[in-house]
Amino acid sequence: MKNLHSLFLASAFLAGFCGSSLAGEREGVVVSIKPLHSIVSAVMQGVGKPKLIVQGAGSEHVYSLKPSDAEAIEHAKVIFWAGPSMETFLDKPIDTLGEGAKVVALGDAKGLTKLKFREGGPFEAHDHGHGGSHEEEHDAHGSGDHDHAAEVAEEGHEHHHHGEYDLHFWLDPQNGKILAADIAKTLGESDPEHAAQYEKNAKAYGEKLDALTREVAAELKPVKDKPFIVFHDAYQYFENRFGMKAAGSITVSPEKAPGAARIQQIHDKIKSLGATCVFSEPQFEPKLVKTVVDGTKARTGVLDPLGAELKDGPDLYPQLIRNLANSLKDCLPK
């Protein structure tokens, strides 16, 4: 069985170098993470369903590619992802297994609101890399055999660099509207027969997101100026859209544990600002958050930038935005 598994991985890996001539005609749509998959799903309603790579409570920061993921990338006609600075695990596989596919980095979509990384003071300076060595990441994935596709993904992981812009752009629902239109255009070019349907779906989804933006803005109005601390600095697009303001983040990268000095700095920040809530994330161990709030009056809450516990599909993205608003509203004092 193990030999068959190895044979499959070797075949998939080699197929990437040989191109689509060996893989056959490409078909299907692959999307990296749940929020983007949700938007693509909405645009594709009535036509088809895209394949999701990072499923469940997985995080793009520490994900290892599975054989089924490698196969999907190998045969995909269109691949959507945020971009190489976000899903570093996909960079190498897309270059090899995805050769011949239409690859779209949605972080490059025209018209997006784009925000630079926050650095200094309460926001730990970015090293413009995901941080951590290859060995540390391997430990984060857990013990056990590493498949070849995962090794391809990790080969360039520690060498990849952030750009100057924060790539959590989907947390602004108005960016979600722009993404839907961009996705519809790409799909229409690859599948002209259904171009009108994609465009219609994107327009309807955009109107839904306009209504959502108004709804969330009204809900958050009572807590707009209340300081809070986040696990890692992923939410400034949401904050910028709705007038919220995080007072700081515990760590710059979820896979990189902060030192004692950093924890003490945030602890002092909570006390000096009177921050009433510190938010963890469902994808990561909340122990750090508990350590930070120990000895303060701050409560803990959960913010989920990916929709870890939400059902995949077109409704995930609007619900993700609502859940962020609800978590903030429930934890912060009115």
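Glycine is no exception: its Cβ is also placed from the backbone N, Cα and C atoms.
Classification of His232 (Zn(2+) binding site) by DSSP places it within a strand. All protein chains included, His232 (Zn(2+) binding site) registers 24 other Cβ atoms within 10 Å of its own Cβ. As annotated by Swiss-Prot, Zn(2+) binding site applies to Glu60, His61, His168, His232, with the evidence given as similarity to another entry.
Marked as disulfide bond by Swiss-Prot on the basis of similarity to another entry: Cys277-Cys331. Sequence-distant contacts of Cys277 (disulfide bond), defined as residues of its own chain at least six apart whose C-beta falls under 8 angstroms from its C-beta, comprise Lys226, Phe228, Ile229, Ala298, Arg299, Thr300, Gly301, Leu328, Cys331, Leu332.
Taken from Swiss-Prot, the feature region 'Disordered' applies to 120-147.
For 1-23, the entry in Swiss-Prot reads signal peptide.
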### Message
With every protein chain in view, what's the tally of Cβ atoms within 10 Å of the Cβ of His168 (Zn(2+) binding site), excluding that atom itself?
### Response
22
